[in-house]
């Protein structure tokens, strides 16, 4: 007998909320917010690690510190104090510590903070330089919480003034270094608002390469903070002089810092007055670098441009970055694979023509190993997302997915992985099933997709459940066509869904408070299981009714098989 549905809201109420079908564009973009959140999380974690792990310079003996040539050899740091800043007042002045240093040396030097402040505000250049070097040493010791004490001493405006002392390049260098390390702390906004940014931008044109490098580093730390700080840097026109730093013969450490700073400037929405093409001209060269730090930051910059610029995806494609990005999917380092595959996932959320560029660059054949091998979860999720977005397109795209032998590893992930990867794999399989031809559906079923798809019906994501139902609907329609062609009375796919417990899950969905899901569930139940089925039903096929059952072949099968054996969903 036909099933009596449970009481539901009025017909008008259900029709008002009813979603008639899948919008291809909506389906492709359905998880952009989630992707952006993940990307931002990864980006923030990467920035913290970068700032924390940069090497801290070895303390310089006083005699050497006063020599300009020795200062030029020092390596700046983006690391400030690692422990929480102390709010205790400064200690009374004391004599300067020895450079040989027990662990408490920086604390001892803090005892002379008042004297250091007096020297910074004096009119004597030698005293100013000596005190600035002392401040820089304190801030370079990441084990000592000195930032808050220095900030309370109200010396930031003075260091900002020192940036304009072009007749004293060593003082400029040391002042920029101090501001760099303060900008790496929790007090970045104070650096951005003390008047230092326009002076740092001006230092990008300095004749001294070390000063330019330090200015890049400081601006990169400022831009890496809150959007307000980044906007201050952009408003003072930092992009053009920063791009001018990328020149032939540029030293690798400087190139790393400049690429990192550029990626920080690209994070978020770029102002309309910022020209994207010159940025992409540089980045499209940087993504060919053999240096992993340069390569990783360049790829993150591309990802940010895709999100932060109007028509950013098209700009990236027009710059010719896609072929190299696809090639980079073979890179051995997961630190490179993550930004690369994130950019490609963002491109895959574009329009049909943009997605087709990925297909034409043979991305699917590069994705298969990423899905099948032991790569980090974040990489597998993005790979599933790309396949999902490609599968949302035409039957030719679905066939390309099948030809690349991506379906079997996707189904394996759908059966065995963590829940979040299962969800991404379920989107990919559901999209392929929703738009596939009868032959393509037969291939999907032969790979063992039906049971794991039915298991998706118990998930909490309503959009995913609806997409899965649409996939099952197309599968059942293909089964009905096959049944008629074989002169059978049983839809083999409906029979397998019954036997694997899928029918029970469909019935449970009648209680879900979602009108679109309810309508589609009722359509499937009434269309393919219009009577209760019991174990003693004479219409049930026996094991010998080979014409009325579904075969699910092993994952190694290259072509679908005819539905001629009892259901068996082996991997």
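Note: Cβ is positioned from N, Cα and C throughout, glycine not excepted.
Those TrEMBL annotations? Automatic predictions, nothing curated.
TrEMBL annotations:
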type	residues	note
DOMAIN	1-60	domain 'IBB'
REGION	26-111	region 'Disordered'
COMPBIAS	30-55	compositional bias 'Basic and acidic residues'
COMPBIAS	76-85	compositional bias 'Low complexity'
COMPBIAS	86-100	compositional bias 'Pro residues'
REPEAT	195-237	repeat 'ARM'
REGION	532-571	region 'Disordered'
COMPBIAS	540-552	compositional bias 'Polar residues'
COMPBIAS	561-571	compositional bias 'Polar residues'
For the repeat 'ARM' (195-237), jot down how many residues DSSP puts in helix, in strand and in coil.
32 helix, 0 strand, 11 coil
Residue list, the repeat 'ARM' (195-237) vs rest of chain: Cβ under 8 Å, 6 or more residues beyond ends.
47, 51, 71-72, 76, 78, 156-157, 159-160, 163-164, 166, 169, 172-173, 176-177, 179-180, 183-184, 188-189, 244-245, 251, 253-254, 257-258, 260-261, 264-265, 267-268, 270-271, 274
Can you work out the mean pLDDT of the predicted model over the repeat 'ARM' (195-237)?
94
